[in-house]
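Marked as transmembrane segment by TrEMBL: B:42-64, B:84-102, B:108-126, B:133-156, B:162-183, B:217-235, B:247-267, B:279-298, B:304-324, B:336-356.
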């Protein structure tokens, strides 16, 4: 190569290196790990949760790709099991919870009439526990991949125990479970800190009287109480499980240990469902009236139903254990309490629908997602009521019916609710407006994806197909294919969301101080008026 | 927030030069469909479809893929709106995804569902959806290249059957996304055809120009004999089962795409270099068409040998473009009718090729090369004259 060419290349490389260094430096300043103001921490929570959600969604896509063919397909059975473990853990602990707390961190101070969250440093610490938690929890799969391509001399098998970590499997499984438990422990500690901050903010920083407190704040308050009671139990179970695995103790050893673990796990696990669903319910109760042009119907009843859900959520964990041989008199009581959950849920649904009645409805993206969430909540709720009945649960336990039910709740209700909140408060978080056309495409594709995917899974479950199996009999293939097609549509819908966000951040119009035109509609919107 | 401000200022500056997201998504759908389409005959072969049926499938695609046939058919059926064409293509690829599942339930063979799907896909006219995509994508190879690169690990992990079915499902999802964002409008150009006028024109051609048409017909006919099974046979030779070679062939195709794109970037300069360059390029393309079937038949069954073959095919595409331009120049306004008639002939050749392949792959591939030799000979005689 001639001299000038070498000089040119050297100069270009030097320039590229300098640009890279500058970019890293500016990225470091933008992330600002020492920032403790509530809006910055909120942004960190939401961005982290979104990234984790996308990572968890790739697990789902991998699972659905495998289920496309009845026989062994894309992945070995062990990898498939690893995917459904990391999918569950990532979505529950690192996507839904952080995004809920992120949205709360952004708006709660404004809604309660404060200018900050309580304990700002603890608040920031709560966030900074999450990234290492996610990396450690997902490290086994990454290390396994590195070993596969020859970059690592040793192998750490990914955990294949499911997000429920049932013993004795989780005691006997490989070292990947240790990393998963440490990651979960960090996530759970982060949730406890976040809940503490929310709880104290509402009680100590609040200047708005209780009677005028909005529904989102009520929901976050109850969710934070649930975290404070439930997550320490998970934390304890994790420590004991680690002790069984690493120190050779036998707390969860058969015969009674596995049952003890399940009791501990589900005492945390079922309230966790409400930790996830209550913020979304709060978003719906808060956002829908703003696009229906009227106050929430039966506001007081909705607050009481939120409190009732919080209380009842601690009395239903046994319904996850109907087939474990628990005394029928005990399971009957769990069935009764589980069925009772339908009442406050129905009150909320009734309130949302009657709020729409004769309202001046505006189908803006947040409202669309609210309406979608109500629809899927009804489907998820009705399928859940059936599962609450012991005879039905015995038949459908461990089938795709259960998978469909909780995905209608967690994707249809929780994720849709978070999207509604995300779109509604996007201008607050970023100062930009999001492209409504892309948001609508995101909504309709997500509706289609949820309907097709989980509708097909519901049909598979009704036909008796067990869940968590990489292979299955050929007769189930048609519905599995339909479910995979729907899942891929749901997947590309989320790419539209990501693109809409990136586009808005880069070239979106400034949001102004009344981005949803609420001022002239006589609807109180404290978060905008206090900007 | 300095990083975000910098990104914003860059984005605002480059925004006018970026395609809208609906264009990007539509192009992604086209490219994914195009990449998957290469492997459809191989997939059909794997699931036990009779070889003559695969040949007819390839022929059907060749005919419907031509705008002179496919688009006229759509226009006649009143389905010529851009969104409708796009929806039909999405429906087609959905049928392909569901075909292996629906076939045993319905009692209708799986290939029949693929025939049904191709009715929606072939006339679509997306740039990546034609079977001769290499000649079409020349100017913008990035999309097809990315699609083939993305396809490779899926085929490596899942083998041909599961891997390709996953690709169909992803493509269908991309199609739905594209529909939801709004399909970029592509006006439907329906060419006017007149066989009588073409015949009259050909009768008035000089002997040398007729030789050009003969060269074109023979060489393309030869390629059409093995075209539908070219990729399938390559995969078959590279692995014991159909799964092992699929990823290698996908990578080889990606290499061919890069080669074709590179040569076409250089084509204007090469053409201008000397008066002898265009005929030399055309002869090069024809020689490739002559030797490629033999190479696939006789080359050692190693990834390197096949990569070389596909690379040569990619480079040879420049020659085909030169030849097509010469044919257009000779026929003037009648080239659309000529292509329409040629497509019917090529469809017949593809169908015959399927039968020959069933008799013995060597028969089909040797005859394809022989037809290429005849065509090349005719072209050389024209040049010599």
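Here the Cβ of each residue, glycine as well, is placed from N, Cα and C on the backbone.
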Per Cβ pairs under 8 Å, the stretch of B:84-102, B:162-183, B:217-235, B:336-356 packing most closely against the transmembrane segment (B:247-267): B:217-235
Result, the transmembrane segment (B:42-64) in contact with the transmembrane segment (B:108-126) (3+ CB pairs under 8 Å): yes
Winner by Cβ pairs under 8 Å against the transmembrane segment (B:162-183), considering only B:42-64, B:84-102, B:217-235, B:279-298, B:304-324: B:84-102
Proximity of the transmembrane segment (B:336-356) to the transmembrane segment (B:42-64), 3+ C-beta pairs under 8 angstroms: yes
Leading contact stretch, B:217-235, B:279-298, B:304-324 vs the transmembrane segment (B:42-64) - CB distance under 8 Å: B:217-235
